[in-house]
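Annotated in Swiss-Prot:
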type	residues	note
SIGNAL	1-16	signal peptide
TOPO_DOM	17-138	topological domain 'Extracellular'
TRANSMEM	139-159	transmembrane segment
TOPO_DOM	160-167	topological domain 'Cytoplasmic'
TRANSMEM	168-188	transmembrane segment
TOPO_DOM	189-201	topological domain 'Extracellular'
TRANSMEM	202-222	transmembrane segment
TOPO_DOM	223-322	topological domain 'Cytoplasmic'
MOTIF	230-237	motif 'HHHGHXHX-motif'
REGION	235-285	region 'Disordered'
COMPBIAS	241-251	compositional bias 'Basic and acidic residues'
COMPBIAS	269-279	compositional bias 'Basic and acidic residues'
TRANSMEM	323-343	transmembrane segment
TOPO_DOM	344-367	topological domain 'Extracellular'
MOTIF	346-351	motif 'XEXPHE-motif'
TRANSMEM	368-388	transmembrane segment
TOPO_DOM	389-396	topological domain 'Cytoplasmic'
TRANSMEM	397-417	transmembrane segment
TOPO_DOM	418-431	topological domain 'Extracellular'
TRANSMEM	432-452	transmembrane segment
TOPO_DOM	453-462	topological domain 'Cytoplasmic'
Amino acid sequence: MPLLLLSALLPFSLMAGPTPSTGKELSAASFLQDILQRYGENESLSMPQLQSLLENLEVGKGGGNQRNMSQCLSSSTLFAAHNLTSGSVVDAEGFQSFCPTILQQLETRACQESPAFQNETTPGAEGRPSPGEVWGYGFLCVTVISLCSLFGAGVVPFMKKACYKRLLLFCIALAIGTLFSNALFQLIPEAFGFNPLEDSYVFTSSVIFGGFYLFFFTEKVLKMMLKQKHEHGHSHYSADTSKRDAEEGVTEKLQNGDLDHMIPPPHGSESDLRGDEKAVQQQDLPGQQSSCYWLKGIRYSDIGTLAWMITLSDGLHNFIDGLAIGASFTVSVFQGVSTSIAILCEEFPHELGDFVILLNAGMSIPQALFFNFLSACCCYLGLAFGILAGSHFSSNWIFALAGGMFLYIALSDMFPEMNEVSKEDEEGGRAFSAFMIQNAGLLTGFAIMLLLTTFSGQIQLG
């Protein structure tokens, strides 16, 4: 049946004649004539017209990808190679001799922009999240992080339990692992314009973490061995350690969870001392009496200066955290979620420690919750600035700033805090258990960021 239909239609197709063409029969010269007609006049090209052709082909920019062996030549260099001056006119024959030069520059991709340059100069590249996704996911993550400031009141009854100290030690080690790894795997490479799917830097970043972990492991093992060797000798810790920690305030509270040890008032005034005693006594009151006390509150004049210093510094810290989150979400939802996870792991022990300090400085529990949450809300302000800066300017500088901040917090702030929290276990003969908890937290944080970076191409968010 199809053959019969085809044989019936064949005579009509032959009668219709050949398919109309747009002009002359197609030949090799047709392509050359088409170029000369579209870019030139009278089947010839002037130098500005030839320059326009090179710009459309992205050839002749001079100074392209330095990784390629072939050099990206400027248009003036290409013209000089063919003895062309500013007043020259290229006819069909001259353009045929010029074509191999264009073909060589295109084939070697010498003038192709590097991924880092494209990432920095094309902020509206395809694949970036929409403004609704950026603001929506950003506010969601910041809200979850800010709620960590309210968890402090829930753990107050457990602060004298042994499990609290071990949980706090694990959380601090987890924060170090996630912050350090997030800076190595995502923030710093993003600042340089690297892509984990194209640039093989993940293994190199893992080696950097390996060097850090190797020295940490060696130092801890050597200390445990030397302590066992000299356990009957002199003590390495002075007798006034607790007094020194009382003056410093922060590490003592995180280590012992002891709200009975108060920070001395700044001027020794009776009102400050009375306010501090009330802050401690409220922890030992029965449930109903404590509730009535919360409703009274404490006069702001009775609150120590340390509380206001902690609130202001924590607000600035949270602002920079929000800045990093906002800039990350402008790049991709995945990048923003990864940065938020690292900050969340750091915020839980940090906000818990701040809550204890505010109580010891003379605040009531409602006041400590309010000001701790108020400083946490500064993260929203940083988020807005980060989104606006990342949407209209290059976010590489924000990633560089956040990467340096994460490294400082992890190594200079959280790491000594982890050592202070584990000091009691080390002095009490439980150094090995504390060492294992530290290892579990560090390696867990590292593994989370490594897996997120390695499988970033398979994880679809937004």
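Just so it is clear, glycine is given a Cβ too, placed from its N, Cα and C backbone atoms.
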Which residues of the chain, 6 or more past the ends of the topological domain 'Cytoplasmic' (389-396), have a CB below 8 A from one of its CBs?
119-120, 123, 131, 134, 190-193, 323, 326-331
For the motif 'XEXPHE-motif' (346-351), residues assigned helix / strand / coil by DSSP:
6 helix, 0 strand, 0 coil
Please report, as numbers and ranges, the same-chain residues at least 6 past the borders of the transmembrane segment (368-388) whose CB is under 8 Å from any CB of it.
134-135, 138-139, 142, 145-146, 148-150, 152-153, 307, 311-312, 314-316, 318-330, 347, 351, 354-355, 358-359, 398
What parts of the chain pack near the transmembrane segment (202-222), using Cβ distances under 8 Å and only residues at least 6 beyond its ends?
180-181, 184-185, 189, 196, 435, 438-439, 442-443, 446, 450, 453-454
Could you tell me how many residues in the topological domain 'Cytoplasmic' (160-167) are helical, how many are strand and how many are coil under DSSP?
6 helix, 0 strand, 2 coil
